[in-house]
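Look at TrEMBL and you will find A:1-30 tagged as region 'Disordered'. Annotation source TrEMBL lists Mg(2+) binding site at A:90, A:92, A:105, A:124. Sequence annotations record features per position, and here TrEMBL assigns site 'Transition state stabilizer' to A:107.
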């Protein structure tokens, strides 16, 4: 069974990724490698860690689905028998840190040289622009999975690349541009992707 | 077909409610009555209005479901064929207003004299307590549907009633207590439930 999320990203079971020989080669420091985890897994772990330590309250929103048919078997839980994936109208993660509203989208790419902008929906860009207007913090967390590199990119920088595409320019952001405008996050053990300390720089 | 949400509230089609003779009698001013809308409908309209006017960015979170089986018919969208309702780990609504993080739960009751606390999950109380620690605004919007009355109750007041129950006290909040600790919201046309102006009082 495979699950296709509305963003077109295919759900890949952990086992499959772990046995990928190309990935194995890169993992020199096993304890800090991503061990086949998706970026979503890593961010959920990180947010749980922040929550436990009282550092922030940030959650991933549920995948939006349109429920069409539900059955009620006797003596057991209701079963959804027909439903469809809906396009998300916002970003995936939001919450509160240090009195500030936090809002971000997380995406990974297997690409080694650039981040394709087709990974982001136009309404997500509009959403983040509105968040900024209301003085919330908006950003992206991007993982280059093949390179084991993570970046936090403030929305303003990202918006520039988006607008460049809308004006007929390139349909991706180069790794060099992300290195220049974002901040690299070095993955660790606890928390996995320690993005909170970087947010002070965005305020 | 009926949908039971995880909170046990039954989904009632609008038509059914509109033809309820008891309800009709109460509606003297048709243009400001709730016309069979659920509180969720009314808050979605209100939040859309706020968004259009650039006053706040507040969204309802999708209903959390555990997806078990998905099918991919050729030439059509993926269909979820088996899924289950999960208990929400947070409140239903959050967003940003005036630079502040906003977080609230919305509940309606047919009860005329009190609000039963079984409508709220314990982890939602914990969640709102954490939001307050991080200086976000947390509150409840309660509709007494039979009375056509709406209240906004700050989390601190609500927490008192919750703790009273946990200490062995009554399992509900009386209408009189809600009148005393909350602020009544008079429903209007645009926006339907104008709760934002009340938040200044909570800061």
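Cβ atoms are placed via backbone N, Cα and C, with glycine included.
All annotation found in TrEMBL is predicted automatically rather than curated by experts.
Positions of TrEMBL features highlighted on the structure.
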residue	record	contacts (Cβ under 8 Å, 6+ apart)
A:90	Mg(2+) binding site	A:61, A:103, A:124, A:127
A:92	Mg(2+) binding site	A:40, A:60, A:61, A:104, A:105, A:106
A:107	site 'Transition state stabilizer'	A:39, A:115, A:119, A:120, A:140, A:141, A:142, A:143
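Using a 10 Å radius centred on the Cβ of residue A:124 (Mg(2+) binding site) and all shown protein chains, the other Cβ atoms total 22. Using a cut-off of under 8 A between C-beta atoms, none of the recorded positions A:105, A:107, A:124 neighbours chain B. What surrounds the Mg(2+) site, by Cβ distance within 8 Å of the Cβ centroid and not counting A:90, A:92, A:105, A:124, is the set A:88, A:91, A:93, A:103, A:104, A:121, A:127, A:128 from the same chain.
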